[in-house]
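A.B. asks: Once you've had a glance at the structure underneath, I'll fire off some questions.
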Amino acid sequence: MNTTPSTIAADVIVIGFGKGGKTAASTLGHLGRRVVLIEQSPLMYGGTCPNVGCVPTKALVYHAHNRREEDSPGDWYRRSVTTVHQLTSSFRDINYDVLDAHDSLTILTGKGTFVDPHTVSVDVDGRHVTVTGDTILINTGSEPIIPDIKGIRDSAHVITSTDLIHRTDLPAHLVIIGGGYLGLELGAVYRTFGSEVTILEMTSQILRREDDDVARTAISIFENEGINIVTNANVLEIRDGGDGAVVTYESNGEQFSVEADAVLPATGRAPATKGLGLEAAGVSTTPRGAVVVDEHLRTSQRHIFALGDVNGGPQFTYVSLDDARIVLDQLIGEGKRSTADRHSVPRTLFISPPLATVGLTEREARAAGHRIKVGSQNVGEIFAMPRAYIVEETRGIMKFIIDLDTDLILGAALLSVDSQEMINVVSLAMRSGTTATQLQDSIYTHPSSTEAFNDVIGVIVRSDAQASSDAEAA
Ligand SMILES: Cc1cc2nc3c(=O)[nH]c(=O)nc-3n(C[C@H](O)[C@H](O)[C@H](O)COP(=O)(O)OP(=O)(O)OC[C@H]3O[C@@H](n4cnc5c(N)ncnc54)[C@H](O)[C@@H]3O)c2cc1C
Ligand SMILES: NC(=O)c1ccc[n+]([C@@H]2O[C@H](COP(=O)([O-])OP(=O)(O)OC[C@H]3O[C@@H](n4cnc5c(N)ncnc54)[C@H](O)[C@@H]3O)[C@@H](O)[C@H]2O)c1
């Protein structure tokens with residue numbers, strides 16, 4: 001029997017069980033605040049990341065590389081997907097149980113909709129529940145953008161990333177529209193599992209924010225893996241026929257058609273605000289549908305906050321977590337934290353090897369007027385880093401952009417085994433004002449990947465000091 005009361009008065013309502021929302025809910029619940037956490041789907045306790053985002057996709061990267069010669073690609077893929085689902089299912093249960101353990105916290109499963117600025121309605125198992133709250137946190141995440149392409153909504157073979165990682169049959173040919181985070185990561189992982197992969201990117205280059213040397217190294221790795229990347233691609237139509245879909249696109253003035261048994265649009269994600277009733281709450285949104293927030297993540301209604309992807313900020317789990325720190329600081333702290341304090345936030349693209357970056361690229365540093373020097377080496381040539389040889393992954397490049405005048409690190413790009421870990425050290429160094437020389441001369445364990453810094457930072461391949469002295473001599 002559904003015993004949920006039809007009205008609940010709460011101190012804090014959290015709409016959406018994402019990283020920011022659950023962290024804030026748990027902390028406030030622990031302090032005895034009456035918290036109601038509303039999640040629309042029983043398959044999403046814990047949010048996107050552990051259920052259909054970071055965790056399953058990175059687990060698939062791991063499993064894709066572990067196939068033995070004797071395993072057939074299809075069987076290995078099916079086995080991997082099953083194992084990954086067991087993992088996500090256990091994470092989902094843990095997420096629910098940890099929050100449910102707080103006496104003052106109630107989890108309601110149903111879609112939350114604002115009725116007015118202090119009231120949210122939820123249908124729980126067919127029963128209408130009205131929740132009132134002094135403070136409300138919106139943490140509803142984002143959803144895939146489906147581009148306006150002829151036939152895309154009619155094709156049975158067009159799938160989301162969630163559909164893709166849940167299917168147990170390995171697609172023979174996967175066509176991905178968009179060569180950003182999702183397109184490159186999933187393209188790389190399905191290629192490793194054994195699919196033929198074509199990525200159709202509309203701009204003139206993938207990884208276009210990166211410097212040419214870094215982008216070129218990554219692109220040559222993709223090419224060697226046999227991933228077909230088409231740039232300047234304008235997808236014209238998707239039409240079902242036979243066992244799959246035919247994707248027609250135009251690139252550099254020529255028209256092409258490619259057959260696919262799965263087509264994944266990976267063209268960005270938009271804030272999930274549809275059906276939330278934000279108008280009833282008096283909460284403003286941007287033209288792209290993101291909730292408008294100030295640097296303390298307060299919306300146009302002071303008692304309503306928005307955390308994570310829904311506020312239109314960078315779409316990363318750790319940014320949503322940091323949003324929770326800011327909101328908690330407003331609610332129970334000193335009110336000092338703000339999004340304006342955030343800098344040197346690292347990123348990792350989980351291809352193989354991963355590409356982890358932080359701060360400025362060489363191009364951006366020069367454009368910003370810095371005099372710089374660049375320390376860089378190919379991973380296979382970093383003799384201080386035998387780990388690359390130990391784990392048989394010597395592909396990649398590491399690059400540091402250093403301010404010539406202050407010796408501070410302005411940015412780094414690490415395309416290397418373990419770079420998702422190393423980049424956090426660089427990011428911390430940048431935030432704490434550690435100089436490049438200090439980072440280079442630090443004591444690191446051996447054999448580790450971080451000890452590469454002992455070499456790379458000192459291998460200066462370009463320096464504005466050299467350029468100025470050459471100019472003086474001339
Ligand atoms: C395939 C994929 C891989 C990714 N990989 C990475 C990665 O490696 N690293 C990384 O940092 N980021 C990654 N991301 C991005 C990351 O998952 C998101 O930035 C992050 O999960 C956003 O968290 P959030 O707190 O905003 O909300 P989410 O975790 O998205 O949670 C929002 C929740 O709100 C619920 N909800 C929505 N509307 C309502 C409503 N009206 N009522 C009740 N509930 C509602 C949803 O069901 C969902 O559970 C990935 C994303 C995807 C899709
Ligand atoms: N490792 C990670 O941290 C990670 C992994 C996956 C996703 N994410 C997050 O999820 C978000 C969504 O990822 P995403 O890859 O969907 O978005 P994205 O913004 O990273 O990339 C979208 C790509 O699609 C291209 N594109 C857009 N419309 C197109 C069209 N009609 N035809 C062809 N190409 C088109 C864009 O030029 C761009 O390169 C990212 O912003 C990222 O923050 C993070």
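Placed from the backbone N, Cα and C atoms, the Cβ positions cover glycine too.
For Cys49-Cys54, the entry in TrEMBL reads disulfide bond. As annotated by TrEMBL, FAD binding site applies to Lys58, Gly112, Thr140, Gly141, Ser142, Asp309. TrEMBL lists 345-455 with the feature domain 'Pyridine nucleotide-disulphide oxidoreductase dimerisation'. Annotation source TrEMBL lists active site, proton acceptor at His446.
Can you tell me where each of these features sits in this structure?
C.D. replies: The DSSP secondary structure for Cys49 (disulfide bond) is helix. Counting every protein chain shown, the Cβ of Cys49 (disulfide bond) has 23 other Cβ atoms within 10 Å.
Within the same chain, residues at least six positions away from Thr140 (FAD binding site) with a Cβ under 8 Å of its Cβ are Ile15, Gly16, Gly18, Pro271, Ala272, Thr273, Leu276, Val310.
Residue counts for the domain 'Pyridine nucleotide-disulphide oxidoreductase dimerisation' (345-455) under DSSP, helix first, then strand, then coil, are 38 helix, 31 strand, 42 coil.
Around His446 (active site, proton acceptor), no same-chain residue six or more apart in sequence has its CB under 8 Å from its CB.
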A.B. asks: Which of these recorded positions (Thr140, Gly141, His446) have a C-beta closer than 6 Å to some atom of ligand 1?
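C.D. replies: Only Thr140, Gly141 meet the Cβ criterion.
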A.B. asks: Express the distance between the Cα positions of Lys58 (FAD binding site) and Cys49 (disulfide bond) as a whole number of Å.
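C.D. replies: Cα to Cα, Lys58 (FAD binding site) and Cys49 (disulfide bond) are separated by 10 Å.
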A.B. asks: Could you state the CA-to-CA distance between Ser142 (FAD binding site) and Cys49 (disulfide bond) to the nearest Å?
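C.D. replies: A Cα-Cα distance of 11 Å.
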A.B. asks: Within 10 angstroms of the C-beta of Lys58 (FAD binding site), what count of other C-beta atoms is obtained when all protein chains are considered?
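C.D. replies: That number is 18.
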A.B. asks: When DSSP states are folded down to helix, strand and coil, where does Asp309 (FAD binding site) land?
C.D. replies: helix
A.B. asks: Largest pairwise Cα distance, Å, within the listed FAD binders Lys58, Gly112, Thr140, Gly141, Ser142, Asp309?
C.D. replies: 30
A.B. asks: For Gly141 (FAD binding site), what is the secondary structure state per DSSP, taken as helix, strand or coil?
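C.D. replies: Its secondary structure by DSSP: coil.
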